[in-house]
Amino acid sequence: MASRRRFSVRFLLPKKDNKKDRARSPEPREISEAMPDLSEHRWTRHTGELVETSMRTMATRLPAVIAQSARLAWRASRLDTAVTISLNLAAGFFTAFGLLATTGVLTALFAAGPTPDRVRAALPSLVVVAGAAALRAGLQAIAGWAQSRLEPQVERLVELRLYELTTAVHLAALDDSDFLDDLQRAQSRGMASAPRVVQTAVDVLTGAVGVIAAALTLGVLHPLLLPLLLLTAVPRGWASVRSARMEYLTELTLVGVARRKWILSDLMADRRHAAEVRSFTMREFLLEEYDRFAAYERGAKLKLARRQTVVKIFGDIMQGLATGAVYLALGLMLWKGLVPLAVAGTAVLAIRAGQSSLSNLVFAVNRCYEEGLYFGDYLTFCNEAETRVPEGGPSGTLPADFERIVVEDVTFTYPGAQRASLNGISLELRRGEVVALVGENGSGKTTLAKVMAGLYDPDGGDVRWDDVSLHDVPPQHLWEHIAVIAQEYTHWPMTARQNITMGRMDGDALVLAAARASGADEVVDGLAKGYDTLLDRRFDGGAELSGGQWQRLAVARGFYRDAPLLICDEPTAALDARAEHHLFDRIRTHSDGRTVLLITHRLASVRQADRIYVLDKGVVIEEGDHAALMALGGLYAELYTLQAAAYQAAHPSEEVDPV
Ligand SMILES: Nc1ncnc2c1ncn2[C@@H]1O[C@H](COP(=O)(O)OP(=O)(O)OP(=O)(O)O)[C@@H](O)[C@H]1O
């Protein structure tokens, strides 16, 4: 905890000697001391795992990864998967066939006799070799096409699945930090790894087929030639795996830096922060911080590039030596008469083909395993999310004309929270009433509204519409029966009309009525394309609204839904005095029989409510109408008098009657 605090201070305060610091990159030690909490973040774990995993462990676990990717590819497209696999296998067959046919060509060419005769004798084998090569190239091209067709299909499949789940899981899941961590890993890296795991699995297959083809050819030519293939391929394979590991390790040490850079780049480039960056003159400070991290990252990457080059050069030298040793061994075999010249020539070709297939295979195994780990994160998240989707639950229905909604002894604690936010709340709303919830910040008003809206399940107690408990009703059914004007509403990057209808088009007359009721009609009148104006400045022709104008639209969408219960959570926080008055008037005098739960800090506006519940630390401490609560002289009376006094002080001549 102490180290976390130290980092925050360092991040927030500009350092004194800036010039000196800009001139040199920070030492790795400085950075790691600055952010130990970031460098230990859970989603870096695979990088560490990869650095430590041996090639043998990878090979043992690989079949499971390949099976997983095959299942995924099969679900994305059976045809493309079948074509990719079968044509790659067939191409391998023609590789081996072509290599063996080469012996015929060489045997004819190295035979005794005049050259034209030898060339003529070699022609049939040459045709076979050329045919095999052409067929192999054609098959590989079609397999490559099928493989690249698979990629977008796999992408679509996994993306859709993830968002199907994130939009369906219970809201409480999104308050669970472990779940959010899993989601971040699935979304940021796991999802992208899905097409890659398929692609690298195919690469493993292609590499393996190439190696088997070369090995079979060599085995047929002479069994002693097989170990020679291994000897030449090992150095390059070693170099590519070693180089990849160095990269993971560097990535691991840079994770914290990358996250900080990402946060800073968002602060510097996102429109939402632009005004404060300027008005608080943050530019210099942010740029210096960014440069510090970027300089560290640059240093680490340059070091990596140098070390990778050294490894590559070493691998190349070793391979050169191994190739020399192979040619020497072949020469000896020729000399000793173990193989004829034509076979030795074919062996050279087979070894070269096998060499590149084997080093591709080693690299592909490494990559496939890596992508498999990240894809595993995606699968883990999906499995976990599936358990949090409220499915196969109750099938009850809410009464069409309920008499009352009763909240009975409801308790609720947010996942992972130390204290309960609701501590045994009971209240009731009779049909057609306006019931107000008031209380100081954090007293539990919004939480209670969310429980009543079926967004959270209470830990104890019950919410009933007449005799029907919300436990017995599918959430979807409840959501059809309520309209919520939320405290934190979304600025949907859609048209003004869509911001009201939210994808449910019941006719323009209703849109206009809802807009009139909330004052959004005045906002829309001022827009270039009226209801068809796109409300997002990031797009060409998009418009931006003020805070209050956005709130009018949010209120309009609450009115637009023809639901018997309307929950208004701070619906006027951003509204001007006239709009606020108009809205509360509309809520009070609504004639469509809706029941309203109103949460607000504007106590003058709840005077007319049928009943007021005062919450404190998750408990109802007072209830009654305005007059009764003022007479009680409790928290409500105190808060109300404070607000009223503020107006009186500002205008001493105007008498404000607090009651
Ligand atoms: N998602 C959450 N996870 C954990 N705790 C939460 C969460 N949302 C709210 N809380 C906690 O629950 C308590 C009640 O919060 P709630 O938002 O219901 O208060 P409120 O009465 O609506 O406050 P305000 O008047 O400020 O809107 C607070 O202590 C808050 O810290």
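Here the Cβ of each residue, glycine as well, is placed from N, Cα and C on the backbone.
These numbers come from a predicted model, not from an experiment.
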Notebook entry, point to check: Can you say which of 123-146, 315-338 is given as transmembrane segment in TrEMBL?
Noted result: 123-146
Margin query: Labelled transmembrane segment by TrEMBL, one stretch among 85-111, 220-246. Can you tell me which?
Written below: 85-111
Item checked: Cβ-Cβ under 8 Å with the transmembrane segment (123-146): same-chain residues at least 6 beyond its ends -> 79-81, 83-84, 87-88, 90-91, 94-95, 97-98, 101-102, 104-105, 107-108, 206
